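A short worksheet on the structure shown next.
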Amino acid sequence: MRLLAPAKINLALDVLGRRADGYHQVVMVMQTIALADTVTVAVNEGHGAIRLAGGTEEAPPDADNLVYRAAQLVRETAGLSCGVDIDLEKVIPVAAGLAGGSSDAAATVKALNRLFRLGWSDREMETLLARLGSDIPFLVRGGTALATGRGEIVHRLPPAPAFWVVLVKPPFGASTPKVYKALGAPALPDPLPWPQAMKPATTPPGTAAYRMIEALKTGDYGNVLEALGNDLEQVTLEWHPVLKEIKVQLTRFGCDRALMSGSGPTILGFTASEATARSVAAAMEEQWGPQRYRVLIARTLEREEADEWNVDCCR
C-alpha cells in the first residue's frame, strides 16, 4: 500500500506559556499543502521485523526514524508479530518546520490500520500518535485545523481559500526545543486559566489563531493574509538574520506576504496565483539556489483532496 504524506504549514502559531509539566501551551492553525513524501507499506510473513528503506542522510532509515517508531507502536498496541516492509521516498525537506517526518509517521499508521484491518478511527490514531510527537495527530486528517494543548488536540476548521506558497528552505535546520526555550514564554498557573483542550469558539481573543479562525469563516484570501502570525518567528530570525532578507525578497518578487513556518527555518511566500508562485520561485532559485537553498512551490491541500490522492495510490 502506497500513501502520500503531505507537508504542513502554520497559518497561525501562538505560544500562550509554559505549563507545569514542562510543555508549552500553544494554539495553532495548521494547513496541509500539496508537497508530499511517499510511504509504501507491505506485510511480510517471511520475517518478524520492521524493515525500513529509503529516507535521507538527515533522516536515515533506522530505529530512531519516526516511521520505524510508528510501525513499532502499532505492532505493540495491536499485538502483531508479522514483519512489515516500509519504503520511504522523501520530498519534504528535513528539519524545516514542515512536519515531514511527522506526516510520514501518520501515513505509516494509516496504512497499517488498513492492511491489518484494525478498524481504528481517526481519533484513535490521533491519540496513539500523540505519544510520538505533538504535531503528528494533525497529519492523520490534515486539511485546515486548530491544534491546541501542546499541539496534539485537533479540531477541524472551515477550509482555507485556495492559495499557493513559495517555500525557501535554507541549508541549515532549527531545533524546535531550542527555539521554544529561547522564546522565554511565561510560566502558566496550574490549573490553567482556560481549558487545555480549547475549541475554536474558546480560542483566546487577541491571538493570531483567533484572528485566523475569524478570517477562515469569511473564506477571503485577503483576510487570511492579514491574520498570519507566528510567535516563534522572532527567535529563529534573530538567530539567522538571512531569513529576514528572504522574507523581504519574497514580497519584492511578487508574493503578497511572507512568514516562517513552525519553528523554521523555512520561509513561506503567499500568493493566490500559480503563475506568480512560479515566477517568484524562479527568481529565488536564481538568487539562492547556488548557496544550497531549496526553493519549492505548493498549493493548499484539503483533507478530501488528500483522501482522493491516497485512494488513487491504493488502486
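Just so it is clear, glycine is given a Cβ too, placed from its N, Cα and C backbone atoms.
Per Swiss-Prot, the feature active site maps to Lys8, Asp135. If you look up Swiss-Prot, you'll see Pro93, Val94, Ala95, Ala96, Gly97, Leu98, Ala99, Gly100, Gly101, Ser102, Ser103 marked as ATP binding site.
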Message: A 10 Å Cβ contact count, applied to the binding-site residues Pro93, Gly97: which residue has the minimum?
response: Pro93
Field: Neighbours of Pro93, Val94, Ala95, Ala96, Gly97, Leu98, Ala99, Gly100, Gly101, Ser102, Ser103 excl. site residues, C-beta within 8 Å of centre, ATP
entry: Ala7, Ile92
- prompt: From the Cα of Lys8 (active site) across to the Cα of Gly101 (ATP binding site), what is the distance in angstrom?
  reply: 11
Query: Tell me which residues of the chain lie with their Cβ under 8 angstroms from that of Asp135 (active site), as long as they are six or more apart in sequence?
result: Lys8, Met30, Ala99, Ser102, Ala147, Gly151, Glu152, Gly262
Message: Quick check: in three-state DSSP terms, what is Gly97 (ATP binding site)?
response: coil
- line: Quick tally, other C-beta within 10 angstroms, Ala95, Ala99; top of the binding-site residues is Ala99
Field: Number of Cβ atoms other than its own within 10 Å, given for Ser103 (ATP binding site)
entry: 29
Statement: According to DSSP, Asp135 (active site) sits in coil
